[in-house]
Amino acid sequence: MAILEQPYLDLINKIMIEGHDKNDRTGTGTRSYFGAQMRFDLSKGFPILTTKKVPFGLIKSELLWFLRGDTNIRFLLEHKNHIWDEWAFKNWVNSDEYTGPDMTDFGLRSQSDPEFNKIYQAELKKFDRRILDDENFAKKYGNLGDVYGAQWRHWQKRDGSFIDQIENVIEQIKNNPDSRRMIVTAWNPEDVPTSALPPCHVMFQFYVVDGKISVQLYQRSGDMFLGVPFNIASYALLLNMIARETGLQVGEFIHTLGDAHIYSNHFSQVKEMLSRKPYESPQLWLNPEKKHIEDFDMQDIKLVDYKHHGTIKAPVAV
């Protein structure tokens with residue numbers, strides 16, 4: 001057993017001490033560090049944080065959503081996952097059809113104005129309910145555009161046909177494991193202007209040696225307190241699922257970040273997290289009857305012995 005989150009704790013502490021204070025797209029402000037790397041040996045356990053509770057169910061449903069090639073939040077809402085709500089809601093309130101209360105800068109205003117936050121939460125709840133109840137509304141306003149699911153599984157070529165990058169990379173791993181081209185990318189410059197949020201985890205590459213498979217992720221932008229813990233667990237889970245399908249043992253997850261940042265309104269939460277003593281990392285259980293990534297459902301993926309400290313809440317910068 002091991003404490004696999006230590007590289008994350010070391011990096012977030014380094015950013016607090018050595019990072020540069022910068023402005024950002026959301027208007028919140030960040031403390032930022034450029035060019036960082038963390039390594040996690042997945043043969044020793046599963047690298048989910050224990051210094052705060054990380055909701056593994058949300059990570060599972062989001063990854064399954066990506067792997068389905070889905071880009072509509074309806075699937076997520078059906079699994080009580082609200083990670084992407086704000087991005088779809090932003091499209092709705094900026095549309096000509098929206099006639100409700102003014103939602104300009106709802107992300108920042110909801111943090112500083114309690115009365116507005118009540119109005120915002122009520123509108124967001126109505127929006128989610130309508131996505132679930134109204135299929136046509138969901139098709140129009142629940143779709144986030146060319147986000148991860150589309151790029152991973154339906155990359156559009158110039159001739160109008162599509163590339164399934166996940167299927168292709170699995171075939172490469174099986175048939176040519178020494179290839180240096182086992183890459184999946186989500187960054188398409190043509191789609192950046194129309195995407196709800198241009199991909200943060202831009203590309204990942206697989207590497208096979210001695211019967212073990214590793215993956216390295218390049219992430220252009222990482223919200224260290226809220227987003228990155230999800231990304232670590234998500235790619236660790238993805239690697240385990242790919243290892244299952246290809247008959248390999250898991251090796252390392254290597255996480256390389258461009259702009260690794262802590263939002264200024266997360267500083268106190270980070271300090272609280274760093275004051276806690278981490279527990280040993282849990283183990284991942286995958287249903288042994290499932291051999292292919294498309295076969296996995298929520299109940300086929302579990303954590304064993306996940307002991308953790310309490311939740312630390314923090315606002316999302318949109």
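A Cβ is built for glycine as well, from the same backbone N, Cα and C atoms used for every other residue.
Listed features, source Swiss-Prot:
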- C200: active site, nucleophile (ACT_SITE)
- R25, R180, R181, R220, S221, G222, D223, N231, H261, I262, Y263: dUMP binding site (BINDING)
- D223, A317: (6R)-5,10-methylene-5,6,7,8-tetrahydrofolate binding site (BINDING)
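In the three-state DSSP reading, C200 (active site, nucleophile) counts as coil. In this structure the alpha carbons, written CA, of Y263 (dUMP binding site) and the residue listed as 'active site, nucleophile' are 16 Å apart. If you measure from the Cα atom of R181 (dUMP binding site) to that of the residue listed as 'active site, nucleophile', you get 21 Å.
The distance from the Cα of H261 (dUMP binding site) to the Cα of C200 (active site, nucleophile) comes to 12 Å. Each of the binding-site residues S221, D223, H261 was assessed for Cβ neighbours inside 10 Å, and the highest tally belongs to H261. Distance between Cα atoms for R25 (dUMP binding site) and the residue listed as 'active site, nucleophile': 14 Å, as a whole number. S221 (dUMP binding site) sits 5 Å from the residue listed as 'active site, nucleophile', counting Cα to Cα. A separation of roughly 9 Å, to the nearest angstrom, links the Cα atoms of D223 (dUMP binding site) and the residue listed as 'active site, nucleophile'. Taking a C-beta cut-off of under 8 Å and a sequence gap of six or more, the residue listed as 'active site, nucleophile' has these contacts in its own chain: Q219, R220, S221, G222, G227, N231. Secondary structure from DSSP puts H261 (dUMP binding site) in a beta strand.
Binding-site extent for dUMP: residues R25, R180, R181, R220, S221, G222, D223, N231, H261, I262, Y263, maximum pairwise Cα distance 36 Å (rounded to the nearest whole number).
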